[in-house]
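Asker: This structure is in structure tokens; I'll ask about it shortly.
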Amino acid sequence: MRILLSNDDGVHAPGIQTLAKALREFADVQVVAPDRNRSGASNSLTLESSLRTFTFENGDIAVQMGTPTDCVYLGVNALMRPRPDIVVSGINAGPNLGDDVIYSGTVAAAMEGRHLGFPALAVSLDGHKHYDTAAAVTCSILRALCKEPLRTGRILNINVPDLPLDQIKGIRVTRCGTRHPADKVIPQQDPRGNTLYWIGPPGGKCDAGPGTDFAAVDEGYVSITPLHVDLTAHSAQDVVSDWLNSVGVGTQW
């Protein structure tokens, strides 16, 4: 199995290095990751400037100023030959649950892999300690995929409780929960008296009930949420069409 491995925490982050070491025991792994932390970069792609890469002695490749999406795009289309069989993103330092997937560079890297035609996993740890647990879970899933491919055409967003492996209760297939809207902005002043702003933390849990990714992780289970790229709200199409007809928009300008 040939694996393109990326992340959004940066090429030297403990999550990606722990996972790379574990994956290399049974797979051909090429790390292509940002040279620095790009958390929250979502699906951003660098279009107005060039990208420079640096290859380390162990073969890992850092993309200078690159986003997670840049890294996967370059990895698939230029840097990994032959091309990968699958794209894996992670292990992220912290969860990507509920609405987090909108902003997550970890999920975005997997999404880019799927967009380019490859199976893809995004892996996150609900903390900053037991990366070995998340690596073991990921390796188990990848070995299973190698034996029997999962042909859903979906991204698997995997969130692992920050627990020792022997305390993980199992795996649940889940849906995304939701958070309350975030509203924290932290102002500061620089030495010249100019105001700076820091984006605050994400909102608290809103829908974290049974069946959600939040609930699974809170209860000690690995959460696997299938995600797809099509953002169309199919159930709303008729509602929007009826509204347009009722208000007359489009019949005259």
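Backbone N, Cα and C define each Cβ position, glycine as well.
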Asker: Starting from the divalent metal cation binding annotation in Swiss-Prot that includes Asp8, Asp9, Ser39, which of Asn58, Asn77, Asn92 is the extra site residue?
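Answerer: It is Asn92, as the record lists it for that site.
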Asker: Including all protein chains shown, what's the count of other C-beta atoms within 10 A of the C-beta of Asn92 (divalent metal cation binding site)?
Answerer: 29
